[in-house]
Structures are given as structure tokens and as C-alpha cells.
Amino acid sequence: MSIMLASCIALVSSLVLTVIFLPVLINFMHSHHEGQEIRDEGPKWHQKKSGTPTMGGTIFVIAAVISVIWVAAWQHSLNKVVWILVISLLGYGIIGFLDDGIKLYYKRNLGLRAWQKLALQIIIAVVIVLIASSDHFQFGLYIPFAGVVHSIALFTIFIIFWLVGFSNAVNLSDGLDGLATGLSIVAYGTYAYIAFKQKNFAVLAFCMSVIGGLIAFFIFNHKPAKIFMGDAGSLALGGGLATVSIMLNRPWSLLLIGIVFVCETASVILQVISFQTTGKRIFKMTPIHHHFEMLGWSEWKVDIVFWLVGLICSILYLAIWG
């Protein structure tokens, strides 16, 4: 069987599992009166979303993990790369699950403490490095203008920075109905194409499994959202994306393919620096999607424009570097 056909089966499997079990989670949360607490610092009109079921990411993460494992096993391709990708998605998903669970239990918007979340994110990244190093993985990192540097210490630091950074970047982007979902479909779709060209079945099947779950999730997450992915979804998606870029030996590609995630994070950093040094804010509100909301843009307009930016930049990357 061709790698594309097998990967498409993984996509359909993940999609079907998510479509079946997501309504179950939604109904369960409604029946137990559980839902997302909306932060007071956000746009005031977001308060009407308070009580919307959350933790939807739990479903599509589990669906993707089940799908990629059984399809890879079926194709006799359940190798270390598959396990590294699964651990990144599941590991960061578990961190998000804990964060979401604390928020729901205590009926507040604060889950894990920042240092607790960071420590757990670093641990998952280190575990991935240890698994990779046990199989004579090539620890080569391309540094612009310096070439490839072979250093396990440098590579470890980079992986920690990349996984922690992008898991949080996707998390910051998950502030509007459907926004992070659409952006992630574009990014994972781009990497699926790259993996197909490289004939990398493990990464292709993984990306397609995630895409299948996200397509199904989007049915329930577009505006007005019936459920949010929560940190269980956003942290998992970001950690998975960062790991995919590394497994394809194209980590820097994520700066362009994931340009919206980068801009969302940069807007928060710049806002903090500006306010602490000058007492003035650069943006009306951060992350930057809220800035455009404050300018009068509808959620749908922000979503569509941001999705298009992500899509155009992904196409641009493929056009230049293939």
C-alpha cells in the first residue's frame, strides 16, 4: 500500500473517532455544568463565552495518537520517529489536560503555575532528546551563515527552546473560535506535503492523523464554538509542530510556516517590554488577534485574514524551499 493511501486512512480514522467522541464530551460537560472560565482582561464581549465546554483537544489528540500508531503498526513502520512524535503530542497534551483540569476544578482561569508548566514542558523535551540519542540520532543543527553544528548540548538546548516556545505560541493563538484550529490545519498540511516529498511515512502519517482530528474538531469549534480545545489541544499542537519540523530536519521552516504563531508571541513580548520600559502599550490588547478585535474586526474576519496569512506564507515557503 502506498504511504499516501495509508496516511489518508490514518486521517479518516482520526476524523471518525473525533466526530464520534467529541459530542459525548460536550454533552458530558453540559450535564455537569463544566465550562471555560473567561479571563477578565480579555475583550468584554468574550464573557458571553463563559461556560462553553473545553478540553476538546483531549479527544483529537487521543484520536490522532490511536490512528497513527495502528496505521504505522499495520504498515510495519512503528519506528522510533513515530514514538517521538506521539510522545511530543501526548506529553504536551497531558500538561494541557492538567492545566485545564485545575481550571475546571477550581472554577478559575488559572491552572498550573507558570513555573510548573515550564518545568513539565522542559521535561517532555528532554525525554524526546534522550529517546532520540538512544538510536544514534544525528544531532546536527543548521545555523544560518555558520553551517551545520554537531553538538548534543546545543541541540538539546534548541529542542527545549523550540518545543516550549511553539507549544506556548499555539496556546497564545487559541483565543478566537476556530483560529488555532485553522492555522494548525494549514501548518500540519504543509508539513504533510514536505514529508510526502521526503517519503517520510512516520511524519506523514502523524501529520495526517492530526489533520483528521482537527477537521472534525473544527465542525464544533468554528464560531460560535460549541467547545474549545483548551490547553490540552493547543499545547499538544504546538509541541507536535515543533517536533515535526525537527524530524523533517527543517526546524527553521516553522518561522515562516508558523508565522502567525510567531507574531502572536512576539506581540505579547513587545507589549510587555514596551509597557515596562516606557509605560505605553504598542497594541490595544495582546495577543495580536485581540488588537484587531479592538479595532472593530469581527472574529470571522480575524480568523480568515490570519488563516490566509498562514496559508500564503506556507505556500511561499514551499515555492522557495520546496
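Just so you know, glycine gets a Cβ as well, placed from its N, Cα and C.
Feature annotation from Swiss-Prot assigns transmembrane segment to 9-29 (among others). Cβ atoms under 8 Å from those of the transmembrane segment (9-29) belong to residues 35, 53-56, 58-60, 62-64, 66-68, 70-71, 205, 208-213, 215-217, 219-220, 226-227 of the same chain, restricted to positions at least 6 beyond its ends.
Sequence annotations record features per position, and here Swiss-Prot assigns transmembrane segment to 54-74 (among others) based on sequence analysis.
The transmembrane segment annotation in Swiss-Prot covers 82-102 (among others).
Taken from Swiss-Prot, the feature transmembrane segment covers 122-142 (among others).
The annotation transmembrane segment is assigned in Swiss-Prot to 145-165 (among others).
Annotation source Swiss-Prot lists transmembrane segment at 176-196 (among others), citing sequence analysis. Distant neighbours of the transmembrane segment (176-196): 3-4, 7, 170, 203-204, 207-208, 210-211, 214-215, 217-218, 221-225, 229, 233-234, 237, 240-241, 244-245, 248, 250, 253-254, 257-258, 260-261, 289, 293, 299, 302-303, 306-307, 310-311, 314, 317-318, 322; these residues of the same chain sit at least 6 beyond its ends, with a Cβ under 8 Å from one of its Cβ atoms.
The annotation transmembrane segment is assigned in Swiss-Prot to 200-220 (among others). Panel annotation: around the transmembrane segment (200-220), residues 3-4, 6-8, 10-19, 22-23, 26, 56-57, 59-61, 63-65, 67-68, 71-72, 75, 77, 79, 81-82, 85-86, 89, 178, 181-182, 184-185, 188-189, 191-192, 226-227, 229, 233, 237, 240, 244, 247-248 of the same chain, lying at least six beyond its termini, place a Cβ under 8 Å from a Cβ of the stretch.
Summarising the annotation, Swiss-Prot assigns transmembrane segment to 227-247 (among others).
The transmembrane segment annotation in Swiss-Prot covers 255-275 (among others) and is backed by sequence analysis.
Sequence annotations record features per position, and here Swiss-Prot assigns transmembrane segment to 302-322 (among others). Same-chain neighbours of the transmembrane segment (302-322): 176-179, 182-183, 186-187, 189-190, 193-194, 197, 223, 250, 253, 256-260, 289, 292-293, counting only residues six or more beyond its ends whose CB sits under 8 Å from a CB of the stretch.
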Considering only the recorded stretches 54-74, 227-247, 255-275, state which has the highest number of Cβ pairs under 8 Å to the transmembrane segment (82-102).
227-247
